[in-house]
Amino acid sequence: MNTRERLDGGRAVVAARDADATPDTTEIRRLAAAAGYDVVGELTQRRAEDLRYNVGAGKARELADLVAATGADAVVFDGDLSPGQYTDLVELLPDGTALVDRYRLVLEIFADGAGSTAATTQVRLATLRYELPRVRRATEESLLNAATEKGSPVLDVERRIDALEAKLDGITDAAADRRERRREAGFDLVALAGYTNAGKSTLLRRLADDLDVDVDDAGGGGGDDDRADGDRHPDLAETATVEDRLFETLETTTRRATLGGRRVLLTDTVGLVADLPHDLVRSFSATLDEVGAADAVLAVVDASDPPERLRRRLETTVDVLAADATGPVVPVVNKADRPDDAALAAALAVVDEVLADSDVDSRDPVAVSALDGENLDALRAAVVDALPGATATFAVPNAAESQAFVSWLHEHGDADVTYRPESIAVSFAGRLSVVAEAERRAADLAASDASDASDAGVAGEGEGE
Ligand SMILES: Nc1nc2c(ncn2[C@@H]2O[C@H](COP(=O)(O)OP(=O)(O)OP(=O)(O)O)[C@@H](O)[C@H]2O)c(=O)[nH]1
Ligand SMILES: [Mg+2]
């Protein structure tokens, strides 16, 4: 189900230039589609950057002709146009043609999809940061405008940026507080990160509680998860929508999951895309904050990508993780239902290689199909293994008061409980703080049992030895 309306950006011609190879326009076309454009033409060039138009002057004129011939409303340019190139190209294009570079295109998608205050604020901030150098250039060109003058457009943009940054700080502080409370409640925090369209949201829906074990175990898990959602988890369809469209997810979504007895909060994040100026990625700080705060990160890749694309996309992800992730990274090679065995082995080898060359603390990759529910138990085990934790063994009296504690243990971690005539032996694994709390409670129970002993009336049947 898709809750996001399609934008109508009109008709667009896609233009791309690469110094080293004939440009591959697959991704920019998909981004254009995600922003609501109907792509009606394309023009590519292999050459070094031209300072004036980015593409060569002859190509730029060809582009203008193509726009006129196709009646396009916009040119979507796969790259970053300097403010000067932008102005010069617009002048060359038929009147009224919108010129949208890669950065602007992504901003349009995000502006359309942003729902929460945090996301809206982030998009506004990113847009202003994008516009600032352009406004600065326009201001510098106009000699009438002294940069220090009160009310200068540059100062105005700078002031708005400052205000939005302050607002965003407040929002991210609140998110950090929320994460802290969740940790204190005994949850491990796990973030899903990766290139857009890798299948993060599909995986989240698979791993989230109420959707897992039974569905997956039923006959090897037929990929009928839409119906399963409807039956089992009516609100799930409203969050973490899955769509074969770039940047489907524009908000972070968090759901509960139980992995090997550990209570986990899984957060789906906004997908990454290559070649975006770093500050744009940075401005979507909710994603990076979630990654930074996570106890473990699942780095999701698409196994059906050809090896070189997979490598580039994973490198983009790894760059972000190396800067922000503090917890271990579990690489997830998703869509394993698509490649044949040899191609899957090649994908796994690329993942191994990229991670071995990186600074992130990574584990062995796990191949899964989020769509079919294949191999998710192995993934769950790998995540639990990666989570920092502690184990403890203790005994509490086999008494009525202990029952609530035993339930609490099952809810907060992985408890192995053995009932003996006079005591309950527990072997417990969970978050460090949870294990500490469990030991404290166990000690309290033992102490109160000792003081009760003289009062008689201790529950528990077979007391005889
Ligand atoms: N064949 C196959 N397709 C999958 C699998 N997992 C996801 N997909 C498809 O891949 C597309 C993208 O999936 P999403 O879960 O929306 O991907 P995402 O990473 O959340 O994408 P963004 O939110 O755009 O970053 C959808 O069409 C899914 O049905 C899988 O294991 N196998
Ligand atoms: Mg998604």
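Cβ coordinates come from backbone N, Cα and C, glycine included.
Taken from TrEMBL, the feature domain 'Hflx-type G' covers 188-391.
A sphere of 10 angstroms centred on the C-beta of L371 (GTP binding site) encloses 19 other C-beta atoms. For 194-201, 268-271, 334-337, 369-371, the entry in TrEMBL reads GTP binding site.
Its Cβ placed at the centre, S201 (Mg(2+) binding site) has 23 other Cβ atoms within 10 Å. The Mg(2+) binding site annotation in TrEMBL covers S201, T249.
If you look up TrEMBL, you'll see 217-239 (among others) marked as region 'Disordered'.
For 229-239, the entry in TrEMBL reads compositional bias 'Basic and acidic residues'.
Summarising the annotation, TrEMBL assigns compositional bias 'Low complexity' to 444-458.
Residues or ranges marked as region 'Disordered' by TrEMBL: 444-465 (among others).
Rounded to a whole value, the Cα-Cα separation of D337 (GTP binding site) and S201 (Mg(2+) binding site) is 17 Å. Annotated pair S201 (Mg(2+) binding site) and T269 (GTP binding site), C-alpha to C-alpha distance, rounded: 8 Å. Listed binding-site residues: G194, N197, K200, T269, N334. Those with a CB atom under 6 Å from ligand 2: K200.
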